[in-house]
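Asks: Right, I'll just put the structure down here and ask away after.
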Amino acid sequence: MGQKRQRDQKGSGFQSKKRKRGANSSNADDKDDGWDGIVGVEDLNWKEVALPDRLDDAEGFFGLEEIEGVDIVRPEGSGEIRFKAKAGKPKKSILKNKTIPQEDKTFDDEWEGFSDGEAAQETTTTEPTEEPVQTTNEETEVKEKKEPKKKEAKKEVKKDAKNAKKEPKKKDLPSQKDKDIKPGLSFAALQDAEEDDGVDISAWESLGLSPEILNSLSKLKFSSPTAVQKSCIPPILDGHDVVGKASTGSGKTLAFGIPILEYYLEKKRRETKNKDDKKETSPIALILSPTRELAHQLVKHIGEVITHAPGVNARIALLTGGLSVQKQQRLLNGADIVIGTPGRVWEVLSGGQGLISKMKEIKYLVVDEADRLLSEGHFKEAHEILAALDREEINDFPGAEEDESDDEDSKTQRQTLVFSATFHRDLQQKLAGKGKWTGSDLMNKQESMEYLLKKLNFREEKPKFIDVNPVSQMAEGLKEGIVECAAMEKDLYLYTLLLYHPKHRTLVFTNSISAVRRLTQFLQALQLPALALHSSMAQKARLRSVERFSSPTADPSTILVATDVAARGLDIKGIDFVIHYHAPRTADTYVHRSGRTARAGASGKSVIICAPEEMVGVVRLAAKVHANMANGKRLPLESLELDRRIVSRVKQRVTLAARICDANIAKEKVSAEDNWLKNAAEELGVDYDSEEFDERQGRGRGRGRGRQQRERQASSISKAELAGMRAELKQLLSQRVNVGVSERYLTSGRVDIEALLRGEGNASFLGQVDPLGF
């Protein structure tokens, strides 16, 4: 046992000696290094702190510098503060290049100058060459000149081996012919050539567009330009500021999108000719939109032209709320066209560094739906953006005069393009007010221009005002109607109108978010495919609703219940019917709501469900919108008479669906209020009794007491009663609406048996129903 212990002691002693040797060797390396890593303030690699573009009050904090990854060291016996690198960070990373200690660069022998062979190699490498392989050899030779002479022979052998490995790679380098081929035209061009050539675009040739854009228009089946495109594209290409007014669905997006892409192609050709390859490019256009849906639609339409145009690789950055700010900032770095809503655009520009100065270099500023963006009390960020683009920075530093002159030049080069279907400020006034009202011509050119000149800083004193349809703001193929009913019967008449128009993609507009939620559940209870869209929804949910509604594979009877967030710019093919559940508050809102149908020369219908208290506003609306009509009708909207038999037969369905919907909404609201009160009571440490609280609330008086009582009664409906109402409603919906036909003796009435068997006609009714004469 003693021998074993003796051996263990020797082994442990041997291991400890090894550890000591390792420690001594590391210490020896540190000693050989000759530098402990502690430096002064002057030796650190300080970096200047970048301030944001928008800083209202800096309070003198300019010229600040910072450094990361250092620890503060106070040597004993000295009051001077010194620094060293943090653990795990290289010591040299915190130093300036000139302050790296020279002891690290220890050589084995002295440098004895250049040899004759090296001089010859230097003369050969100074000759210009185009092959990238030789440039790498030149770098290695420059490094060899700094090495000692004893290591020269070994490095020459290594260099020859590297060259031997690199020589076969020369075969893989592209030839001069391959360099001339554009990367965007590889196999995509062959695929496009195999497809059909598109439509005849001879009508576009008079506008002087490039072959790339004409090719894209041909593939997109745009055979001829619309009136607004034919009138606006030439002056925009000539460099004029343009104010374009046209009816909804007339193609205003391409009226300003095509000139922007033409300028992009011209800029690209200029850079290719001058061989100017700049990695950092500033945007050429900023397009502002009032809603997120319109911004996404602008990206889609302009992106389709870019996709089908060979050689057009313009990048579009979309800046809208509801999405990641960091991702949008990254997209903005290399973007050519910026499209967004004013709130998010201003958030990105004001929080970034150097973004506002980049935006000052844009060639085009496009304000889409300008009357909405520039209206009083709305979109404060839009005014901030316009002010920032026109603001001149005054500096006291050397060269400030040159910067100011550059800003003035960029300001004079920027074109301002304004588009909308309505411009006059009077159309934005509320229709239900008691103020003075006249039915005179309110849409003249002079007042519209004065309104815009106050809001925007045009380059020209008098921009070109192009009014494609000065007489009416409504589309030519649009039919307008009105249904008069009691205020409590709007649900009934809405359902009846939907039954009259099966397989029609319908858009229902309301004035409140709560009405959207209630109507969506109400229509879904009636087994109708209804979707909701309002501003309180998450961005992904909004995009999902629009996608489901506009999908070609969707049910043709899909109904979208929306607020005025969908009234402007939403271009969805196949919308046949627009219903105004609430009368619009302003005339311009009615114009844009009705403009969702009858787009691009198609036909469509727009119907207002009007209660007696809304009639005054509707009369004023019709007089303002149709002020220039030849006939002097007091109400130019056509009055629709629905079949009273159908209205009475579907009333039971509507009543059950409304009760089910109101009960569900009331239960959700009561449970949410109870949860909030319960949580508040727990935080305060008091007892909460829901019944006692309801009794105290019921004793009070005031506005809204009747609504609260109805909600309380609706929430008290049990699950069994709800299930019974759902079963009864399901049974009613399984049957067709009988309009006076004997179900036992079908042949005795006005029933076409063959049409029933073939599935023709309106499947909602049993019997002959005359369509609305409208």
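Note: Cβ is positioned from N, Cα and C throughout, glycine not excepted.
Per Swiss-Prot, the features are:
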BINDING   Ala246, Ser247, Thr248, Gly249, Ser250, Gly251, Lys252, Thr253  ATP binding site
COMPBIAS  1-10  compositional bias 'Basic and acidic residues'
COMPBIAS  106-115  compositional bias 'Acidic residues'
COMPBIAS  118-137  compositional bias 'Low complexity'
COMPBIAS  140-182  compositional bias 'Basic and acidic residues'
DOMAIN    233-441  domain 'Helicase ATP-binding'
REGION    1-37  region 'Disordered'
REGION    87-183  region 'Disordered'
REGION    689-718  region 'Disordered'
MOTIF     202-230  motif 'Q motif'
MOTIF     368-371  motif 'DEAD box'
Asks: Please give me the CB contact count at 10 A for Ser247 (ATP binding site), counting all chains in the structure.
Replies: 23
Asks: Within the motif 'Q motif' (202-230), how many residues are helix, strand or coil going by DSSP?
Replies: 19 helix, 0 strand, 10 coil
Asks: Excluding near sequence neighbours, so keeping only residues 6 or more apart in the same chain, what lies with its CB under 8 A of Ala246 (ATP binding site)?
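Replies: Sequence-distant Cβ neighbours: Thr226, Ala227, Val228, Lys252, Ala255, Phe419, Ala421, Asp467, Val468, Asn469.
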Asks: Please report the DSSP secondary structure of Gly249 (ATP binding site), reduced to three states.
Replies: coil
Asks: So around the ATP site, Ala246, Ser247, Thr248, Gly249, Ser250, Gly251, Lys252, Thr253 aside, which residues have their CB within 8 A of the centroid of those CB atoms?
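Replies: Nearby residues not in the site list: Thr226, Val228, Ala421, Gly595, Arg599.
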Asks: Could you give me three numbers for the motif 'DEAD box' (368-371), the DSSP helix, strand and coil residue counts?
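Replies: So the counts come to 2 helix, 1 strand, 1 coil.
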Asks: Please compute the mean pLDDT of the model over the domain 'Helicase ATP-binding' (233-441).
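Replies: Looking only at the domain 'Helicase ATP-binding' (233-441), pLDDT averages out to 81.
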Asks: Would you count the other CB atoms within 10 A of the CB of Lys252 (ATP binding site), including those on all shown protein chains?
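Replies: So the number of other Cβ atoms within 10 Å of Lys252 (ATP binding site) is 25.
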Asks: Among the binding-site residues Thr248, Ser250, Thr253, point out the residue whose Cβ has the most other Cβ atoms within 10 Å, with all shown protein chains included in the count.
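Replies: Ranked by Cβ atoms within 10 Å, first place goes to Thr248.
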